[in-house]
Amino acid sequence: MTKQSSTDEQGDSQSGSARSWWLKGLALCGFLAAIGVGYYFFADQLSLKAIAEKESALQEYRQAHPVLVYVLAFGLYAMVTGLSLPGAVPLSLAYGWFFDLVPAIILVSFASTTGATIAFLVSRYLLRDIVKSKFGERLSTFEESLESEGPFYLFTLRLIPAVPFFVLNIVMGLTPIRVVTFWWVSQLGMLAGTIVYVYAGHTVPSITELAEQGASGILSRQLIIAFIVLGTFPLVVKYAMKRWKGTDARN
């Protein structure tokens with residue numbers, strides 16, 4: 001290989017690297033701009049009070065465009081979770097009230113997982129350096145726990161929100177976990193919470209009542225029990241798995 005050809009290859013490599021950084025920079029700017037625009041236009045519209053003010057209009061639109069409403073609702077929820085905007089819980093409650101129970105659970109379950117996976121991918125391919133500088137210490141803890149516990153660690157964090165979901169999504173993007181694994185574990189792990197929140201919204205006669213009374217207006221004995229089960233279930237499963245592993249090791 002001649003000196004000239006070696007120099008040309010180095011130049012091509014540097015040029016390709018520069019183009020890659022430019023593309024990542026543009027994509028990052030676009031993502032941040034989307035967050036800003038989404039927050040500016042939708043932050044005030046995602047509260048229960050804002051939704052309650054449009055209650056009649058929303059019901060009329062649903063009757064006129066039944067399929068389109070599901071598509072728009074899915075896109076809105078995925079956008080909110082994907083851009084880490086506040087509003088997932090109010091939307092879960094509102095969807096439970098607005099749609100039939102089972103379709104609402106399916107809608108919120110898949111939309112929330114889609115949004116979480118979008119945030120996961122953005123963190124992995126666009127925000128790696130930023131997230132690493134921000135959550136470096138926590139990242140090492142996540143990686144160690146994933147290595148020792150496997151996907152069950154993510155499953156536990158989905159069931160017990162000890163870490164905010166938006167933080168969990170972006171930090172997991174920097175771990176070696178596969179995208180498919182992140183998807184199905186998140187889908188299963190968030191399902192119980194989705195059912196509880198959607199059911200809570202489904203028990204409310206109207207969004208106006210929910211906005212006026214707050215959480216106290218929907219808390220019943222059944223819901224309180226459901227939240228208790230939701231919090232203790234992963235601990236019981238984890239304990240059972242430890243006992244099973246201990247028994248298996250002795251055998």
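Keep in mind that glycine also has a Cβ here, set from the backbone N, Cα and C atoms.
Record features (TrEMBL):
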DOMAIN    89-202  domain 'VTT'
TRANSMEM  21-42  transmembrane segment
TRANSMEM  67-85  transmembrane segment
TRANSMEM  97-122  transmembrane segment
TRANSMEM  152-172  transmembrane segment
TRANSMEM  179-200  transmembrane segment
TRANSMEM  220-241  transmembrane segment
Report task. Using a Cβ-Cβ cut-off of under 8 Å, list the residues of the same chain that are 6+ residues beyond the ends of the transmembrane segment (152-172) and lie near it. Result -> 81, 84, 88, 116, 119-120, 122-123, 127, 131, 135, 138-139, 142, 145-146, 182, 185-186, 188-190, 192-193, 230-231, 233-235, 238, 241
Report summary line: Rounded mean pLDDT within the domain 'VTT' (89-202) lands at 88
**Report entry** Tally of residues which DSSP labels helix, strand or coil - the domain 'VTT' (89-202)
**Finding:** 96 helix, 0 strand, 18 coil
